[in-house]
Amino acid sequence: GQLPTWLQGILLRNGPGMHTIGDSKYNHWFDGLALLHSFTFKNGEVYYRSKYLRSDTYNCNVEANRIVVSEFGTMAYPDPCKNIFAKAFCYLSHTIPEFTDNCLINIMKAGDDFYATSETNFIRKINPQTLDTLDKVDYNKYIAVNVTTSHPHYDSAGNILNMGTSIVDKGKTKYVLFKIPSSVPEHEKKKSRFKHLEVVCSIPSRSLLHPSYYHSFGITENYIIFVEQPFRLDIVKMATAYIRGVSWASCLAFSQDDKTWFHIVDRKTKKEVSNKFYADAMVFFHHVNAYEEDGHIVFDIIAYTDNSLYDMFYLKNMNKNFEEISKLTSIPTCKRFVVPLQFDKDAGVGSNLVTLSSTATAVKEKDGNIYCQPEILCEGIELPRINYDYNGKKYKYIFATEVQWSPIPTKIAKFNTQTKEMLHWGGEDCWPSEPIFVPSPDAREEDDGVVLTCVVRTDPQKAPFLIVLDAKTFTELGRATVDVDMHLDLHGMFIPQQDLKTESE
């Protein structure tokens with residue numbers, strides 16, 4: 001096919017790549033050592049490369065020829081401790097675990113630099129052109145967080161907003177929202193931008209020893225949306241996991257009878273809105289988008305009624321019949337919540353405070369709390385992406401992978417949130433990855449541009465490829481076939497040519 005002449009830059013992807021080291025194997029697909037891969041678009045041609053992230057974790061494991069660094073689903077024992085004292089010390093030093101720097105989930109842009117990220121306190125700087133691994137950054141040196149999200153937001157000035165959990169800091173477990181500047185003052189260029197990291201605000205966890213797990217958060221022009229779900233980490237269990245010989249993943253539990261709380265933080269005052277909003281128990285990983293309309297906050301997420309998704313990806317479950325056997329007990333559902341910020345304070349108990357035209361409701365209860373029920377936009381989509389120029393604004397289109405009762409995506413979809421229409425692209429034996437929207441330079445409408453996705457084949461005789469679709473019509477413009485084994489990845493980003501440093505820089 002023909003690629004648009006304006007499509008110049010690099011599609012950078014990240015995900016788990018190596019699951020066996022020597023005679024040892026990881027338990028979970030999300031534990032594999034990070035493998036970066038990229039497609040470089042240059043003058044109508046596409047170049048492919050891939051490279052393992054040379055993290056300390058990678059180097060230690062490869063040198064020992066076995067897994068010696070613990071991952072979320074795999075607890076590793078570096079050395080059988082020599083004597084009882086060494087053993088006791090060994091166990092104690094793992095109480096607040098030294099987390100892995102196997103940054104396998106996403107890519108983050110900070111100023112002119114790019115980082116591979118996961119959900120621990122470490123990120124790794126990478127060169128997007130060569131995929132070489134550079135500096136290791138420990139957030140903990142600048143801010144007290146033990147885990148962070150892999151889905152930061154960027155404001156119009158390019159500053160990064162992200163969230164992390166600070167576990168039992170002076171007896172207070174809290175969620176911390178922080179900002180990393182896009183640029184540092186000229187006279188401090190030699191210093192790290194992370195030295196200028198600032199805490200925007202913190203939200204106390206509803207439970208001291210059971211903070212909520214979260215993978216992303218929402219943002220509008222004036223507010224941050226943090227959803228505290230009853231899918232929680234048990235800190236005591238986590239601190240003793242090493243001694244008990246279990247993985248950290250086993251310290252996560254979903255409380256079906258609990259509530260999901262919405263925390264709305266005013267970005268200007270850095271304070272939480274005083275009204276208390278909640279919804280029924282749910283598990284979710286991805287926010288789609290959020291915006292403000294007529295005194296309401298509207299936010300869309302992909303939610304489940306249980307936490308079966310994570311269990312599917314234990315490698316013992318991933319065999320040749322994976323597609324047929326693995327059935328989700330809860331289908332991903334795109335839910336729209338509408339949270340009224342301005343409403344009549346004298347409104348009666350039981351009255352719906354939502355005045356927008358939506359089937360979503362927010363009902364005032366006797367104790368003053370507001371119970372929110374969502375509008376169901378659609379079912380069966382995951383890994384949602386949008387035109388990021390519309391992030392935090394009213395928008396129309398979601399680009400996502402399509403999953404039904406199996407967690408493996410078989411198609412990609414474009415969903416219109418206003419008309420509920422859906423377009424699909426799929427092919428025989430195709431497992432596409434998260435679709436990335438790239439706007440055309442003279443875009444007038446939200447879907448002016450292309451959608452990029454890498455496709456691995458279930459038939460080993462067929463080569464994987466990258467496909468470029470017209471974002472408006474979802475018709476294929478071109479594809480680039482890659483004559484190597486390509487892995488199914490998680491997340492990534494498109495870096496336009498102008499955002500890449502020249503080689504000399």
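Glycine is treated like the rest: Cβ placed from N, Cα and C.
TrEMBL annotations:
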BINDING   His151, His215, His286, His491  Fe cation binding site
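Same-chain residues that are not part of His151, His215, His286, His491 yet have a Cβ within 8 Å of the Cβ center of the Fe cation site turn out to be Ile105, Asn106, Thr149, Ser150, Ser216, Phe285, His287, Leu383.
Counting Cβ atoms from all protein chains shown, His215 (Fe cation binding site) has 15 others lying within 10 Å of its own Cβ. If you draw a 10 Å sphere around the CB of His286 (Fe cation binding site), it holds 21 other CB atoms from the protein chains shown.
Annotation for His151 (Fe cation binding site): spatial neighbours Asn106, His215, Ser216, Phe217, His286, His287, His491, criterion Cβ-Cβ under 8 Å with sequence separation of six or more.
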